[in-house]
Amino acid sequence: MSDGETLADVRIVLIGDEGCGKTSLVMSLLEDEWVDAVPRRLDRVLIPADVTPENVTTSIVDLSIKEEEDNWLISEMRQANVICVVYSVTDDTTVERIQEKWLPLIRQAFGEYHETPIILVGNKSDGTANNTDKLPSGQSLVSSLQILPIMEANTEVETCVECSARTMKNVSEIFYYAQKAVIYPTRPLYDADTKQLTDRAKKALIRVFKICDRDNDGYLSDTELNDFQKLCFGIPLTSTALEDVKRAVADGCPDGVASDALMLAGFLYLHLLFIERGRHETTWAVLRKFGYETSLKLAEEYLYPRITIPVGCSTELSPEGVQFVSALFEKYDEDKDGCLSPSELQNLFSVCSAPVITKDNILALETNQRGWLTYNGYMAYWNMTTLINLTQTFEQLAYLGFPVGRSGPGRAGNTLDSIRVTRERKKDLENHGTDRKVFQCLVVGAKDAGKTVFMQSLAGRGMSDVAQIGRRHSPFVINRVKVKEESKYLLLREVDVLSPQDALGSGETSADVVAFLYDVSNPDSFAFCATVYQKYFYRTKTPCVMIATKVEREEVDQRWEIPPEEFCKQFELPKPIKFSSSNIGQSNSPIFEQLAMMAVYPHLRRVFYLSDSNLLSKITFGAAIVALAGFLVLKNL
């Protein structure tokens with residue numbers, strides 16, 4: 001059951017033998033006094049949230065067995081969040097039927113290993129038998145010695161409460177415990193057999209510890225503990241309370257405290273103490289603050305917040321998102337060398353559900369000579385995923401703890417603040433400017449046109465590096481590029497088509513700029529580019545450029561109607577740019593700057609056509625405007 005359901009509704013089902021007082025218990029709760037005349041069975045009772053201690057709407061269902069079949073009972077029980085098995089402390093038979101009838105029936109409903117909490121309710125503890133024969137004071141016919149073995153043998157039984165509908169003893173407590181059993185269940189957290197935290201509880205709490213360990217030293221200092229306390233509960237701990245916590249941990253867990261700070265083992269032990277002392281709500285308050293549902297999985301709304309991206313818009317990291325991921329790099333770059341080693345990278349993403357940056361997709365990013373991720377490559381990764389896979393960005397930021405601290409105590413928040421939706425491209429064109437930071441360049445070319453070498457050059461990798469890359473690698477490469485002294489991110493995306501007749505997807509045709517690569521030594525290479533251009537990009541507003549590769553080889557005539565230079569002139573494209581050996585491995589190559597320039601200023605396509613390709617990297621934005629104005633004047637003469 002999700003947290004949303006828990007907070008909205010708790011469904012309590014009462015079962016047990018006839019005459020145990022199930023209906024009387026509900027009537028006493030409703031009337032706040034003993035009711036002599038009770039109906040045979042009550043319909044569903046709804047208790048509003050504002051009259052319950054946990055502020056949850058609660059429904060109580062009284063199931064009678066006299067006239068109902070087991071199948072019907074099972075169907076009703078399956079809708080329950082918690083089941084109260086009522087027996088009479090004045091009748092041994094009703095106790096025996098707990099194991100003979102009721103617990104097996106519950107397992108039929110939920111399965112052999114279920115997590116629906118069960119509460120045993122011993123009614124009629126006021127000391128009457130059949131409402132006539134008085135029992136000795138303080139003595140019940142059913143002793144705890146009969147109930148304890150049942151609880152020990154059935155771990156789904158949360159607790160046992162003796163009560164009396166007649167004297168009102170523990171009546172309200174029963175339903176309070178039932179609510180708590182749903183909202184703060186024990187079984188996901190605690191293994192009754194080993195008397196230890198469950199593996200999934202440990203995993204969740206380890207994530208919490210790592211997020212709260214701001215300096216990544218493996219300890220929670222007093223400052224970090226107090227920040228944790230204020231984050232989860234809204235109030236700080238006094239210095240005395242802090243010392244009491246550390247003393248309690250040190251007494252029971254010798255490895256839990258070191259250098260006057262709480263270690264991971266101590267943090268886990270502290271929550272074990274909470275649970276053993278019946279303070280499950282404390283641990284659950286922490287877990288829910290960090291996004292966990294009752295299943296100890298992160299909530300869907302926490303991982304994947306709803307967002308609408310209008311057509312023509314894209315997504316980028318917001319300033320808050322940039323600050324958060326940048327701080328993570330600083331936190332986990334233990335040797336402060338400006339790179340993340342494999343162990344540092346693994347440590348950073350250890351709280352995520354799956355490996356994030358693998359050997360394959362690291363080829364899309366800038367690394368140092370040892371293959372370690374640089375700060376620039378790390379930031380480029382986040383910009384890439386936010387543009388092409390926003391869901392992945394949301395999920396990873398949630399696991400890394402982005403929303404924590406951005407909402408009130410007890411609330412997990414979401415990752416929406418980590419991103420910004422850019423203005424529609426159409427508006428950018430109309431306004432002759434954009435505030436976008438990330439731009440996508442489609443790389444199109446026939447097989448062996450040199451696309452891999454070209455793309456990997458943006459990440460600073462040369463021929464020897466490319467030679468070690470397998471055939472199956474990331475189709476993306478991203479890096480930071482300067483556009484008139486302003487940093488932008490250029491994302492190259494290879495189009496994997498075997499022939500120009502292959503269809504391109506909408507995501508591919510909506511790029512900011514397109515680079516068509518052709519091998520000057522292959523007579524059939526340019527035809528591929530020309531065909532794709534005419535089929536998908538002619539008469540569009542997407543800037544395009546032809547790039548000649550392997551220019552050191554002997555140039556041959558291309559098997560196309562007209563040469564590449566004439567083709568570009570005919571379709572008003574910039575002259576073909578030569579990608580030579582001097583450009584290989586150079587992330588700061590003017591070619592990448594030109595691609596970024598064309599993506600940032602698509603409204604200046606005419607300038608790109610009129611200007612020499614080398615001139616493009618030299619002109620200022622103002623000069624480009626002048627050139628465009630000059631063209632318009634000439635056109636209108």
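Every residue, even glycine, has its Cβ placed from backbone N, Cα and C.
What Swiss-Prot records for this protein:
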- 1-613: topological domain 'Cytoplasmic' (TOPO_DOM)
- 7-184: domain 'Miro 1' (DOMAIN)
- 28-35, 74-78, 135-138: GTP 1 binding site (BINDING)
- 200-235: domain 'EF-hand 1' (DOMAIN)
- Asp213, Asp215, Asp217, Tyr219, Glu224: Ca(2+) 1 binding site (BINDING)
- 320-355: domain 'EF-hand 2' (DOMAIN)
- Asp333, Asp335, Asp337, Cys339, Glu344: Ca(2+) 2 binding site (BINDING)
- 436-601: domain 'Miro 2' (DOMAIN)
- 445-452, 482-486, 549-552: GTP 2 binding site (BINDING)
- 614-634: transmembrane segment (TRANSMEM)
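Sequence features annotated in Swiss-Prot and their locations in the structure.
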residue : record                : CB count, 10 Å
Ser28   : GTP 1 binding site    : 23
Glu31   : GTP 1 binding site    : 10
Trp34   : GTP 1 binding site    : 16
Arg78   : GTP 1 binding site    : 13
Asp213  : Ca(2+) 1 binding site : 21
Asp215  : Ca(2+) 1 binding site : 11
Asp333  : Ca(2+) 2 binding site : 20
Glu344  : Ca(2+) 2 binding site : 19
Val483  : GTP 2 binding site    : 19
Glu486  : GTP 2 binding site    : 10
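For the domain 'EF-hand 2' (320-355), same-chain residues at least 6 beyond its ends with a Cβ under 8 Å from one of its own Cβ atoms are 206-207, 210-211, 214-216, 367-368, 370, 372-375, 378-379, 382, 386, 395-397, 399-402, 417-419.
For the pair Val483 (GTP 2 binding site) and Cys339 (Ca(2+) 2 binding site), the Cα-Cα distance reads 25 Å. Around the Cβ of Ser75 (GTP 1 binding site), 12 further Cβ atoms fall within 10 Å across all displayed protein chains. With all protein chains in the displayed structure included, the most crowded Cβ environment within 10 Å among the binding-site residues Glu224, Asp335, Asp337, Asp448 is that of Glu224.
Cβ-based neighbour count (10 Å, all protein chains) for Tyr219 (Ca(2+) 1 binding site) stands at 20. Taking the C-alpha positions, the distance from Asp217 (Ca(2+) 1 binding site) to Asp333 (Ca(2+) 2 binding site) comes to 12 Å. Here the domain 'EF-hand 1' (200-235) has a mean pLDDT of 96 out of 100. Of all the binding-site residues listed here (Cys339, Val551), the one with the fewest other CB atoms within 10 A of its own CB is Val551. Counting in whole angstrom, Asp215 (Ca(2+) 1 binding site) lies 32 from Glu486 (GTP 2 binding site) by their C-alpha atoms. Each residue in Glu334, Lys336, Gly338, Leu340, Ser341, Trp372 lies on the same chain as Asp333, Asp335, Asp337, Cys339, Glu344 and has a C-beta within 8 Å of the C-beta centroid of that Ca(2+) 2 site, without being one of the site residues. The Cβ of Lys451 (GTP 2 binding site) lies under 8 Å from the Cβ of Val443, Gly445, Glu494, Leu517, each on the same chain and at least six residues away in sequence. Neighbour density for Asp217 (Ca(2+) 1 binding site): within 10 A of its CB lie 12 other CB atoms from the protein chains shown. In sequence order, Arg214, Asn216, Gly218, Leu220, Ser221, Ala261 are the same-chain residues whose CB sits within 8 A of the CB centroid of Asp213, Asp215, Asp217, Tyr219, Glu224, the residues recorded for Ca(2+) 1 being left out. The Cβ neighbour count for Gly445 (GTP 2 binding site), using a 10 Å radius over every protein chain in view, is 25. DSSP assigns Ser28 (GTP 1 binding site) to a helical segment in the three-state reduction.
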